[in-house]
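Take a look at the structure below.
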Amino acid sequence: MSGALDVLQMKEEDVLKFLAAGTHLGGTNLDFQMEQYIYKRKSDGIYIINLKRTWEKLLLAARAIVAIENPADVSVISSRNTGQRAVLKFAAATGATPIAGRFTPGTFTNQIQAAFREPRLLVVTDPRADHQPLTEASYVNLPTIALCNTDSPLRYVDIAIPCNNKGAHSVGLMWWMLAREVLRMRGTISREHPWEVMPDLYFYRDPEEIEKEEQAAAEKAVTKEEFQGEWTAPAPEFTATQPEVADWSEGVQVPSVPIQQFPTEDWSAQPATEDWSAAPTAQATEWVGTTTEWS
């Protein structure tokens, strides 16, 4: 699918991202049309998706999106919470039209409806959850692209990208990869340099988890303030007035203290000392004498 071009081959960092997000992990059920995308089956019954096929279908989907002259004619849809943020980010990056949340029936078929639109390409996150837009796309002859798991039905799906469309990280990473490939094929960003947008921006975050993190951060800040207030002593207040010096060259006047004078002695006038070499010899003889008396 990549045409044997090294530029379009899957890089090692892309494989690591897929493995870290769990994109290769499918479900325990398998649709007969998804058998061609399966690599192996684990002992616990979970099917492993072939990431090489995932990358090839990702490039094919990016080529189909780039082929649309007006980016606004591409509709990206996600009715599940895990893909709504990714859909909005993808639309902001590529210029597509997002539909995050509930899809109003008749959007593609009912011309009287205020939300009626006629896109040229449809991209959905889950064929099972987004069955209504897929069904309406079949009525108006609209080509469709879908992120498909091992148990996803491929009815009315023209380009199926095999991946894990249940996990929040996997769905966000797939939309990030698709947006990056679209921008690369359009020439907006270079393949030689990494894209400055991180995949984390496409990940879904539960509002309850965000509130818990904010509360934990606030409690931590309050505890830190209380801890500092208990153990830090107040700074002493200096009320004594400092002497005002108008001219710093003069400085503060220091009273002079007289230095006490001591008499000096002339050492040369003293008599010469006796011979110190004779005294130890005499003492030594006396000690010898005493020793002989004891013996």
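Here the Cβ of each residue, glycine as well, is placed from N, Cα and C on the backbone.
Database features (Swiss-Prot):
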- Ser2: N-acetylserine (MOD_RES)
- Ser43: phosphoserine (MOD_RES)
- Lys52: N6-acetyllysine (MOD_RES)
- 54-113: region 'Interaction with PPP1R16B' (REGION)
- Lys89: SUMO2 cross-link (CROSSLNK)
- Lys89: N6-acetyllysine (MOD_RES)
- Thr97: phosphothreonine (MOD_RES)
- 161-180: region 'Laminin-binding' (REGION)
- 205-229: region 'Laminin-binding' (REGION)
- 242-295: region 'Laminin-binding' (REGION)
- 266-295: region 'Disordered' (REGION)
- 280-295: compositional bias 'Polar residues' (COMPBIAS)
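Below 8 angstroms of C-beta separation, residues 14, 17-18, 20-27, 34, 37, 49-50, 53-54, 57-58, 61-62, 65, 82-83, 85-87, 89-90, 93-94, 123, 125-126, 145-150, 152, 189, 195, 197, 199-205 of the same chain, each at least six residues beyond the ends of the region 'Laminin-binding' (161-180), sit close to that stretch. In this structure the alpha carbons, written CA, of Ser43 (phosphoserine) and the residue listed as 'phosphothreonine' are 42 Å apart. Take the CB of the residue listed as 'phosphoserine' and look out to 10 A: across all protein chains shown you find 5 other CB atoms. Thr97 (phosphothreonine) has a Cβ environment of 14 other Cβ atoms inside 10 Å. Highest local Cβ density among the recorded positions Lys52, Lys89 belongs to Lys89, counted as other Cβ atoms within 10 Å over all protein chains shown. Here the Cα atom of the residue listed as 'SUMO2 cross-link' is found 11 Å from that of the residue listed as 'phosphothreonine'. Under DSSP, Lys52 (N6-acetyllysine) is assigned to a helix (H, G or I) in the three-state scheme. Across all of the region 'Laminin-binding' (205-229), the predicted model scores a mean pLDDT of 74.
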